[in-house]
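Chemist: There's a structure below that I have some questions on.
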Amino acid sequence: MSVPQHLGPYKIGKQLGKGGMGAVFEAINEDTGERVAVKTLAAELAGGEGFQERFQAEIESLRTLRHPNIVRLYGYGEEDGTHFYSMELVHGVSLEEELRRGRRFDWREVTRIAIQVSRALKHAHDHGIIHRDIKPANILLAGEQVKLADFGIAQLFGGAKLTTARGVVGTADFMSPEQAASRPITDRCDQYSLGCVMYALLAGRPPFRAKGLPEMLQLQRYADPEPVTRFAPDTPKQLERVVTQLLEKSPKDRFPNALALAKHLEAMSLAMSRPVQPDSDFQLANEEEHPRDPSELSETPAVSSEFDSSDLHDYETLAPPTVGPAEVSLAMRPSTIDLPPATPAERERRFTAVADEPLLTRAENRALWQLVLQGVLLATLLLGALGLVTWLAWPPSADEVYGRITAAADQGDQALLGVERDISRFLERFPDDPRAAELEPLQEQLAFAHTERRMFAKLRLREASDAPIESLYLQAMRRANDQPEHALRDLQAIIGLLKHAESDAAQGEDSRALLQLVEEQARRLERRVERRSKSQLPFLEERLSTAEALASDAPSEAADICRSILQLYGELDWAEPAVGRARALLSEVEPKQ
């Protein structure tokens, strides 16, 4: 199927890629000039029962994701039977492209990629969204940054169903056992798929290879993969253990959540990049002055040269035990066999009763200093806590509050919601500040955002409303998809109704926000109706021309065409000129029948 030059507000450009679920194009939003990527969905996949509702609900939920490692979704639509959604345009390559070029990733690169993907999954899982289709093709490299794409798209095509006319929804090479068995899934299925991706990046191949889909699904459910070190010998044991845990068949044997996985990988990476230091200067000096006998070295247990980072993050770090007086004296006192006979003077210095007192005094002093330091530390913490409480209780200045608000305003509505309380406090505490006038529109903007979210939730859940204006708005918007012209007409009527209302209820903040929402939706529908009229007018004109040509020789057929035009387009404002011609022609040919 050919792709139209326009989809919604987007002018379609060059094709960036194509797969079993559809194609991706570079596009420009003609309203804003923003460059985006537009993905069209294959018609045979989008024709399933309930797809329209799933498509709208899923994309709307995905629009809430805001994370540097997630490709941002902007919107969605359907035009002339083509379902599409728009998303952030990422300039980079996918891991799948890199693997096809024969690139092998070292363990440091794989760890860095996995950490960023885990952080992205943590954000999505916190919003109740499971990816379901983690694979190299959906992980994009944009410089040092990793971007995860196609969140939740597999869910659109039937949820638990694994196959479609074109095969598996998602890639079976990276599918979790619970997905392969059509069992209920949790967010840990994404961990398994990420483990498969890490395995593929290290080994240059996925964990399993099969001749067909049934065999692959069977392997994912029951088989254990070869150790990744067989194909990538340089992989550290610590990372191999992580991959093995991610590929556990039972979800409960994987990591508790994506955040735990990210922190584990970060700790492992940090530990393995830290050089091994000698235990202490004292030990080195002691060994230089008193080297061990070769026989002693042979009896010492061998120390593995492999650096095990699990010791650095799997257990608590303990302070070294204090060495007692007897231990110190034995360690430092050489054997009498190796010494020449001591002189009487040396015996006096050696055997005086004061000889051990300095050691005891040092131990006592050390304990005393520890108590003093603990007291000082405790006092410092108390003073710090007191200062923090005082600082938190001290109301911020107008400049501080205004600075936080303006910084958030530059980042959009989502960030502005985080400083809503600051805006209210500023207007309450500093009503005479000249900047208060600047913040009042922001307060109205927030009221608009709350109203829009509330109305969208009611539309999505098909809830009713007892408030008259809300009820009229919801009724109009439920017609917007199938009958945008009628919905636009209803919204314009609501605007007229609200603008001429004089009651207190109509002048309240909620009503003003609702009026703004109605006006904004009307503007959007106007653009949509305009695009629709441009696409349908040529067809309407062609049918009218045909009817006019048939008027003399086949008046009955011409009348049928005119009646159809009146029935289908009679109530549409943009079609009024064509409808008028059809009505006039019908009055001419009816007497001839």
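Keep in mind that glycine also has a Cβ here, set from the backbone N, Cα and C atoms.
According to TrEMBL, the protein carries these features:
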BINDING   Lys39  ATP binding site
COILED    508-535  coiled coil
COMPBIAS  297-307  compositional bias 'Polar residues'
DOMAIN    10-267  domain 'Protein kinase'
REGION    283-321  region 'Disordered'
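Any idea what these are sitting next to in the structure?
Modeler: According to DSSP, Lys39 (ATP binding site) is assigned to a strand segment. Counting every protein chain shown, the number of other Cβ atoms lying within 10 Å of the Cβ of Lys39 (ATP binding site) is 23.
Under 8 Å from some Cβ of the coiled coil (508-535) lie the Cβ atoms of residues 6, 8-9, 31, 80, 444, 447-448, 450-452, 455, 469-470, 473, 477, 480, 484-485, 487-488, 491-492, 494-495, 498-499, 501, 572, 574-575, all in the same chain and six or more residues away from its ends.
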Chemist: Across the domain 'Protein kinase' (10-267), what is the average pLDDT of the model, as a whole number?
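Modeler: That stretch averages a pLDDT of 86.
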